[in-house]
Amino acid sequence: MSAVPLNPTPPARTSELSVTLLGATGSIGSSTIDLIRRSRDRYRVEAVTAARNATALAALARDLGARFAAVADPACYDELKAALAGSGIAAAAGEEALVEAAERPADWVMAAITGAASLKPTLAAAERGAVVALANKECLVCAGSLFMRRAAAAGATVLPVDSEHNAVFQSLSAGTRADVKRIILTASGGPFRSWPLEAIRQATLEQALKHPNWSMGPKITIDSASMMNKGLEIIEAHHLFDAAPEEIDVLVHPQSIVHGMVEFRDGSVVAQLGPPDMRVPIAHCLAWPARIAGANRLTFAQMTTLTFEEPDEVRFPALRLAREVLRTGQGAPTVLNAANEIAVAAFIDRRIGFPHIAALVEATLEASAARGVLREPEAIADALAVDHTARSLARDLLPEIAAKAI
Ligand code: NDP
C-alpha cells in the first residue's frame with residue numbers, strides 16, 4: 001500500500017461551517033440534517049438537492065435556511081418554485097442545477113445522491129477543493145481513479161461516510177501507512193446470511209428489504225441482501241485507501257458493532273466500534289477532526305456475543321463478481337455498477353427474481369468484454385459512456401435473464 005490519498009489537512013474552521021447536502025431528502029440526508037439541527041449555531045446550509053421530491057425539499061430548505069434548492073427532474077421545477085415562493089431561496093432544476101449546487105461555496109459537501117447520478121455533482125464539489133463527505137459509493141466504483149486523482153489535484157479532502165470505510169479511516173490513524181498489513185471490512189450478511197442457497201433463490205422483494213440491523217434507502221438495502229453492497233465497498237476501499245485487492249478482506253459480523261478494522265505489521269488489529277446508526281460516521285465527518293454528539297452509546301454489558309465468519313461467494317455471487325472486476329480493472333467496475341443498478345430496479349419492479357440480479361450483472365460483464373467496451377475511463381464523459389452502454393446492454397439482456405430458471 002502506498003500513501004493514503006485522503007488530504008490529511010483539516011479544513012480551516014470559522015465559527016460556522018457552511019454545508020451543502022446533495023441528496024438531502026434521502027436516508028443519509030435525513031441523518032445529516034438531524035445532526036445539523038442539534039447544533040444549529042455551528043452549521044449554515046448553503047444548498048440542498050433531491051431527485052423529484054420537491055415539496056419535501058422545499059420544506060427542508062425553508063427549515064434549514066438554505067440559499068439554493070435544486071431538483072434533478074426538470075418536471076418538478078414548478079412544484080419546487082411554488083413551494084419556495086416568498087422564501088428568498090433560489091430554486092433550480094436539471095442535471096446542471098445539481099452541479100451548480102455542488103459548486104456553490106460551501107466548506108463541506110455531503111455526497112449522498114444514489115447511483116451514478118452522483119458523479120458529476122460530487123466531482124464538481126471535489127474540484128473546487130471542498131471537504132467532500134462521500135456516502136455515495138458508486139462514484140468511486142464508476143470512476144474511482146479519476147475521482148481520487150482530480151480530488152487530490154484540487155486539494156479536496158475526501159472523508160468516507162460509509163460506516164466500514166469511516167471505521168477503517170479512523171483505525172488507520174493508529175499507525176503508519178507502511179505498517180498496514182490488511183484492511184478488514186465487516187458485513188452484516190443481510191437478511192439472507194444464514195439462508196440456504198435454494199431459499200435465497202426464492203427470496204421475495206419484501207424479504208430482501210428487511211435488513212436486520214440498518215435502516216437505509218431501498219437500493220442499498222437490496223445491495224446488502226445480495227452482498228453486492230460489500231462488493232462495491234471492496235472497490236471503494238481500493239480507491240479510498242490505495243489498497244491492493246488482496247489487502248482488503250471481508251468478514252461477516254451479524255451484530256454490526258465492529259464496522260471496520262486495520263491489521264498492522266506487528267499483529268495489532270485496530271477496530272472502530274459503534275451502534276449501527278449512520279449518524280456516527282456522519283458526525284465524525286461533519287466535525288472532523290473534532291467530535292460532536294452522534295447517536296446513542298453502545299452498552300457493552302448488554303452485548304453477549306460478537307461473531308465473525310468468512311463470506312460465502314457461492315450463495316452471494318455478487319462478492320465474487322466485484323473481486324473479479326477489481327482484478328480486471330479498466331471500465332469493468334463501471335459496468336458492474338451500471339448493470340447492478342438496472343438489475344436492482346428490475347427486482348424492485350418485480351420484473352426479475354432475486355438470483356437474477358447477479359446473473360444479469362455477470363451476463364452484462366461478459367457482453368461488455370466481448371464488445372470491447374471495458375476501456376479505462378480517462379474523463380467523466382468516458383465513465384458515463386461506459387455506464388450508458390452497460391445500461392443498455394443490461395436492459396437488452398434483461399428479458400433473457402428473467403426467463404432463466406436459476
Ligand atoms: P435514498 O434513496 O434514501 O436517498 C437518495 C437521495 O438522492 C434522495 O435525496 C433522492 O432524492 C436523491 N436522488 C436519487 N436519485 C437521484 C438522481 N438520479 N439525481 C439526483 N438525486 C437523486 O438513499 P440513501 O440515503 O440510502 O443513500 C445515498 C447514498 O449513500 C447511496 O449511494 C448509498 O449507497 C450511500 N450509502 C447509504 C447508506 C445508508 O445507510 N443509507 C450507508 C452508506 C452509504 P428524492 O428524495 O427526490 O428521490
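In case you wondered, yes, glycine gets a Cβ from its N, Cα and C as well.
In TrEMBL this protein carries:
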DOMAIN    19-144  domain '1-deoxy-D-xylulose 5-phosphate reductoisomerase N-terminal'
BINDING   T25, G26, S27, I28, A51, R52, N53, N136, E138, G217  NADPH binding site
BINDING   K137, S163, E164, S188, H211, S224, N229, K230, E233  1-deoxy-D-xylulose 5-phosphate binding site
DOMAIN    158-241  domain '1-deoxy-D-xylulose 5-phosphate reductoisomerase C-terminal'
BINDING   D162, E164, E233  Mn(2+) binding site
DOMAIN    273-392  domain 'DXP reductoisomerase C-terminal'
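Summarising the environment of E138 (NADPH binding site), the number of other Cβ atoms within 10 Å of its Cβ, over all protein chains shown, is 26. When Cβ neighbours within 10 Å are tallied across all protein chains shown, the highest count among the binding-site residues T25, E164, H211 belongs to E164. Counting every protein chain shown, the number of other Cβ atoms lying within 10 Å of the Cβ of S27 (NADPH binding site) is 19. Only A51, N53, K137, D162 of the binding-site residues listed as A51, N53, K137, D162, E164, H211 bring a Cβ under 6 Å of any atom of ligand 1; the order follows the sequence.
Under DSSP, D162 (Mn(2+) binding site) is assigned to coil, being neither helix nor strand in the three-state scheme.
The binding-site residues listed here (D162, E164, H211, E233) include E233 as those with a Cα within 10 A of the Cα of E138 (NADPH binding site).
Residues K137, S163, E164, S188, H211, S224, N229, K230, E233, recorded as contacting 1-deoxy-D-xylulose 5-phosphate, have a largest CA-CA distance of 19 Å. In the structure shown, across all protein chains, K137 is the one of the binding-site residues A51, N53, K137 with the greatest number of other Cβ atoms within 10 Å. Sequence-distant contacts (6 or more apart, same chain, Cβ under 8 Å) of D162 (Mn(2+) binding site) comprise L134, A135, K137, E233, E236, P281. Annotated pair E164 (1-deoxy-D-xylulose 5-phosphate binding site) and A51 (NADPH binding site), C-alpha to C-alpha distance, rounded: 26 Å. The two recorded residues, T25 (NADPH binding site) and H211 (1-deoxy-D-xylulose 5-phosphate binding site), show a Cα separation of 20 Å. Of all the binding-site residues in the record (S27, A51, N53), the one with the smallest CA separation from H211 (1-deoxy-D-xylulose 5-phosphate binding site) is S27.
Proximity of N229 (1-deoxy-D-xylulose 5-phosphate binding site) to non-local residues of its own chain (separation of 6 or more, Cβ distance below 8 Å) is seen for A187, G190, I220, D223, given in sequence order.
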